[in-house]
Amino acid sequence: MPSPLNHHLSCFVLSVILLGSHVSTSKIPIAPQSVCEGLIEPSVLSIDKPLENIKANRGDSLVLRCAFYASPQPTIVWYHRGKRVDSHPAAHFETLLSATNLGQSVVESALRIDCLDERTAGEYFCEATSPCTQPVVTSSTVTINKAPKSITGTCKSIRQPLESPPIVSDFTLSRIELPGGVAQLACRVRGVPTPKTKWFKIEEDESLSTIDGQPNYMHLSNGDLLIVGDEETISESFRCVASNPLGSVHQDASVIYMMA
């Protein structure tokens with residue numbers, strides 16, 4: 001039987017969804033400073049997986065990946081030669097609850113370079129920001145191997161691709177949460193046509209069961225998964241699948257419930 005706290009959180013979450021289910025979560029306000037000051041444990045934001053310098057052939061498709069250890073979850077912005085090229089708003093439900101303890105997460109972001117040439121080569125930055133800490137940045141220099149264009153290919157034919165396969169571009173890989181707490185797992189995707197996302201729970205025998213219709217899980221309109229803990233579960237794992245006509249990809253996430 002759910003505890004009164006769990007019931008309260010469930011009602012709060014449900015009211016937010018009903019009132020704003022068709023509103024982008026990018027419009028959810030950043031946590032006020034009072035939330036940061038009220039935390040029992042200080043918030044954290046550090047690089048978990050830095051970007052690496054890459055050399056590749058002209059015409060290659062590349063994926064850059066960075067990851068951050070954070071509490072609360074960060075907003076992640078990508079830059080190429082100083083110009084913003086992609087961004088992912090933070091998962092903000094945890095700060096809306098005004099909790100004194102926030103879960104700790106590892107969040108990974110990916111940026112796809114569809115075709116490498118002089119226009120897409122250069123320096124890339126992956127920046128994470130949080131309302132409670134200073135920003136952190138990791139960078140990568142992407143260079144082209146010296147070889148004749150006739151050998152390595154050209155990007156002219158795919159400069160503006162009409163279609164592209166799905167990629168999970170922002171994802172909560174792991175989460176440490178208090179028993180009975182509310183956790184938001186990010187699953188943001190890119191691709192043309194826009195990929196559809198679907199969440200599954202990974203059972204102990206590694207089979208997949210849909211979260212649809214289960215009271216403690218809610219698939220948000222931006223692709224994220226909202227979880228209301230039941231105070232009895234020790235850990236659980238989930239899979240986000242992103243699909244469009246060009247294919248499908250998936251990422252797995254784990255949540256561990258621990259007392260502070």
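Along the chain as shown, residues are numbered 1 onward.
Just so you know, glycine gets a Cβ as well, placed from its N, Cα and C.
When the candidates Cys11, Cys36, Cys115, Cys126 are compared with Swiss-Prot, only one is recorded as disulfide-bonded to Cys66, and it is Cys126.
Note: Swiss-Prot links Cys240 through a disulfide bond to Cys187 (candidates: Cys155, Cys187).
Counting residues per DSSP class in helix, strand and coil order gives 4 helix, 61 strand, 37 coil for the domain 'Ig-like C2-type 1' (42-143). Summarising the environment of Cys240 (disulfide bond), the number of other Cβ atoms within 10 Å of its Cβ, over all protein chains shown, is 25. Spacing of Cys240 (disulfide bond) relative to Cys126 (disulfide bond) is 23 Å (Cα to Cα, whole number). With respect to their backbone Cα atoms, Cys187 (disulfide bond) and Cys66 (disulfide bond) stand 15 Å from each other.
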